[in-house]
């Protein structure tokens, strides 16, 4: 279902959108993504792979805010390609939310994407040599509380002419063997990685080149390919690495940081490493010495990149990530197992070649489709609370905050901060 917004002056709209972050709690290089705020609403009303009311159809055209009137697993055959200026609000799905299973997604050239609270699980049946999520060009994107797993090449990768991207509060897990990679983060345009969990990837947790802010992440059970891999190339990289926790798992056989050189310039601060796999969390701070950071060129001043509002200690980052990372409005069976692995502190975890080892995508409660008399994406009971008219399609009108009423409702469904 598609509706155009009520008439609003372009000047007013541009004023509001330029001053807003993507949603309350958006941080980093991608914080000012606009998404579909200047477009129309599309309600995903079924779990079909394609056709009217499907998620694939929803993201196929630019300028849309996508909400859900159904929860469950969407099984796809071909990759989903996302258009420009699309907002995907998975937290609006009833029941246990949305999982997309069977192949990967491309966000290449999907400028101003906003993606929240959704699970993207590729699997061994997906396209060979492709990422579960990939960006090969584009700008101004933010991914928040996304669970991505089972990529056949990388799990979540960013390459090429890409600028201003944030991945925050997310889980990047279990790239499938024999490749098993967390992802490449290789652009000079700026990537922020905040409060994410990298888990059960043999290598590239992540592999970084260019401009990167890496703060309050948890990295668990990387394999012999490496944890945080510096570029290892002639190109210049300039990064901040702050407040992260690296925890060795059963498959870990190399140190947390590898492949740095004189061209990889890093400001590092308060990063912890628990290497003993003894089932007890007892990591200690890595000394600020190049040998502890894989031969990086360590600098003394932090790069002036868009930072998190509040930097957590590594211990607090671990607590936060295990409680809230991923599509955590309702944790599914896969993410629940992954978090349990982390909390074994070295005893549990595995590199896998088949998602069947995790029970596959699992089953989700589809929930109950809410009553939405005017079909504008906001349920009637929520319209009463917002003060909007349940008989008039006004969800894309602007609230005094500058967000559409649709965004105001969706933002109210989840915390802006989990502090």
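Every residue number used here counts from 1 along the chain in the order it is shown.
Glycine is treated like the rest: Cβ placed from N, Cα and C.
Features as listed in Swiss-Prot:
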type	residues	note
SIGNAL	1-19	signal peptide
CARBOHYD	48	N-linked glycosylation site
CARBOHYD	164	N-linked glycosylation site
CARBOHYD	201	N-linked glycosylation site
ACT_SITE	204	active site
DOMAIN	261-296	domain 'EF-hand'
BINDING	274, 276, 278, 280, 285	Ca(2+) binding site
CARBOHYD	282	N-linked glycosylation site
REGION	350-395	region 'Disordered'
COMPBIAS	363-372	compositional bias 'Low complexity'
COMPBIAS	373-386	compositional bias 'Acidic residues'
Contacting positions for the domain 'EF-hand' (261-296) when only residues 6+ beyond its ends and CB under 8 Å are counted: 228-250, 252, 255, 302-303, 313-315, 318, 344-347
Cα-nearest neighbour of residue 278 (Ca(2+) binding site) within the listed recorded positions, 48, 164, 201, 204: 201
Euclidean distance between Cα atoms of residue 204 (active site) and residue 164 (N-linked glycosylation site), Å: 21
Nearest of the recorded positions (48, 274, 280, 282) to residue 204 (active site), judged by Cα-Cα distance: 274
Glycosylation sites near residue 274 (Ca(2+) binding site), in sequence order, restricted to 48, 201, 282 and a 10 Å Cα cut-off: 282
Top Cα neighbour of residue 276 (Ca(2+) binding site) in the set of glycosylation sites 48, 201, 282: 282
Proximal residue to residue 48 (N-linked glycosylation site) among recorded positions 201, 282, 285 (C-alpha distance): 201
Sparsest Cβ surroundings (other CB atoms within 10 Å) among the glycosylation sites 164, 201: 164
